[in-house]
């Protein structure tokens with residue numbers, strides 16, 4: 001079996017990511033391990049959203065809500081373990097199951113209502129539901145409301161893996177990313193994936209050959225929500241903190257930006273997009289140029305906003321279109 | 001229950017509702033006629049407030065400042081439409097969402113660059129900065145009353161424009177069937193630009209009126225944008241009438257709900273639980289209403305004629 005040059009690039013990236021903690025050890029600056037860990041978690045969430053947007057044509061603008069649900073499960077568990085001494089709530093496996101099930105159930109409810117609508121309505125209603133969860137989190141005083149919850153102890157994985165060790169946590173995140181990539185690869189190529197993609201390109205034809213897209217779309221919506229919930233579980237453990245801000249609608253916008261920057265049509269797109277997004281943020285905000293006494297980097301969004309518009313207008317497939325073997329056209 | 005407080009909250013509800021209507025009217029037309037998702041509408045609202053603060057500072061009069069703001073935001077809207085949005089009409093919704101999201105980032109950062117990170121205050125003239133006794137014993141801020149009056153006037157004016165003028169006829173036709181009015185030889189591009197400018201001016205008006213009550217700050221347009229989207233979705237995209245009814249409904253439910261829900265919950269739940277649940281539930285209410293409406297009528301309450309086949 002020979003690899004295409006695109007596969008070589010993808011594999012090189014994965015190898016590089018696997019070696020990263022040791023590279024930063026060698027450089028002596030572990031800041032980048034944390035940054036990349038954050039990127040990889042966002043990549044997991046973006047990958048799950050790409051199942052909806054890229055393959056299914058369902059522009060969900062509330063995906064950050066499920067990250068929030070997963071993150072709050074960890075936060076609330078740690079809170080009760082710490083305040084009330086309920087030890088089982090710190091159990092990582094309980095938290096993991098609760099994070100995934102919780103976000104899946106919420107995705108099921110939101111999806112069941114939202115998927116009855118089309119187009120602009122669907123975008124708006126998913127966004128509004130995520131804001132509803134956001135305001136709920138803001139309103140609950142017990143769990144810190146606006147200020148969020150500090151997580152005093154990370155999920156207890158019963159000795160199997162120690163999440164307090166930054167390297168172990170990084171590799172858990174890294175392996176999770178590989179699993180999600182593989183899952184997406186299998187899912188998109190399966191009969192289920194064909195129905196999802198078929199419903200995007202021609203719903204009428206899909207119905208004519210006997211499929212009811214609603215059930216399939218709802219299933220995809222729940223799968224994506226559950227994966228995002230898992231990303232939230234990882235995120236809370238990495239940050240030791242959860243606040244309503246993770247669910248804010250602009251966070252959902254960030255996820256869509258990642259998908260767009262990376263290229264929707266490919267499996268690895270969201271990973272490249274998440275890398276590009278946070279790298280751009282780091283790069284633009286550290287531009288050393290000073291104009292009229294103002295540091296340009298401090299106003300990086302002034303450049304990022306128009307850049308986003310240019311990507312939308314002229315580089316539809318983002319990073320993906322610069323890799324060898326890119327599909328022509330949109 | 002305190003009836004005077006209820007009256008005051010109902011007036012506040014109308015005031016919020018009418019502000020929402022000013023935003024929703026422009027946005028629902030952009031959505032409806034051009035089939036365009038525009039998240040940057042909240043930025044135009046913010047620019048209205050900032051322009052008004054600046055012009056009020058220059059002229060020393062709020063009314064003059066407000067009068068200067070309207071054409072300024074109208075122009076800004078037209079510039080945004082011609083430079084950035086025009087090319088997006090033919091694109092899919094995802095592209096529009098992203099590009100207008102980029103515009104929000106740009107506007108927020110530009111505002112921070114020009115006006116600085118600290119919010120501004122719009123000083124009110126004396127005759128607006130007092131209370132009026134609507135009924136004896138119930139004082140109400142004159143400015144809020146003015147918002148309600150202006151809101152109703154604009155709503156009436158819009159109704160006349162949309163139902164009685166040629167421009168209104170084209171707008172209604174555009175909301176029902178875009179391709180057809182183009183095929184009938186109407187200059188759609190010009191119509192789109194005009195409608196966008198009009199919507200921008202209305203958003204600017206809402207912003208300059210909200211400025212003195214809330215605060216003029218970066219990101220002020222984003223919270224209200226979401227409320228506006230809820231209004232549009234409930235009312236039916238493209239329908240001014242729907243936007244009006246939904247805006248008043250949302251304004252009333254949100255305002256009255258926030259102040260009376262704790263008391264109502266207290267009757268049903270133990271007071272400890274009620275006190276914790278009330279803020280969360282009251283902020284969820286309008287979204288629950290939206291979910292309910294969409295579950296029953298996926299096209300909103302008043303979809304324009306010809307839509308929703």
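Using the three backbone atoms N, Cα and C, a Cβ is placed for every residue, glycine included.
Predicted, not measured: the structure shown is a model, and the values here were computed from it.
Database features, via TrEMBL:
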TRANSMEM  A:7-24  transmembrane segment
TRANSMEM  A:30-52  transmembrane segment
TRANSMEM  A:64-82  transmembrane segment
TRANSMEM  A:94-113  transmembrane segment
TRANSMEM  A:120-140  transmembrane segment
TRANSMEM  A:169-195  transmembrane segment
TRANSMEM  A:216-235  transmembrane segment
TRANSMEM  A:255-278  transmembrane segment
TRANSMEM  A:299-315  transmembrane segment
Stretch contact, the transmembrane segment (A:216-235) with the transmembrane segment (A:94-113), Cβ-Cβ under 8 Å, 3+ pairs: yes
Surrounding residues of the transmembrane segment (A:30-52) on its own chain - C-beta under 8 Å, 6+ positions past either end: 17, 20-21, 24, 58-60, 63-64, 67, 166-167, 169-170, 173-174, 176-177, 180-181, 184, 187-188, 196, 220-221, 223-225, 227-228, 230-232, 234-235, 238, 254-256, 258-259, 262, 264, 269-271, 273-275, 277-278, 282
Non-local residues, at least 6 beyond the ends, that sit with Cβ under 8 Å of the transmembrane segment (A:255-278): 10, 13, 35, 38-40, 42-43, 45-47, 49-50, 53-54, 59, 61, 63-64, 177, 181, 184-185, 188, 308, 311-312, 317-321, 326-327
Stretch with greatest number of CB pairs under 8 Å, the transmembrane segment (A:120-140) reference, A:7-24, A:64-82, A:169-195, A:299-315 candidates: A:64-82
Long-range neighbours of the transmembrane segment (A:299-315), counting only residues six or more past its ends (CB under 8 A): 257, 260-261, 280-281, 284-285, 287, 321
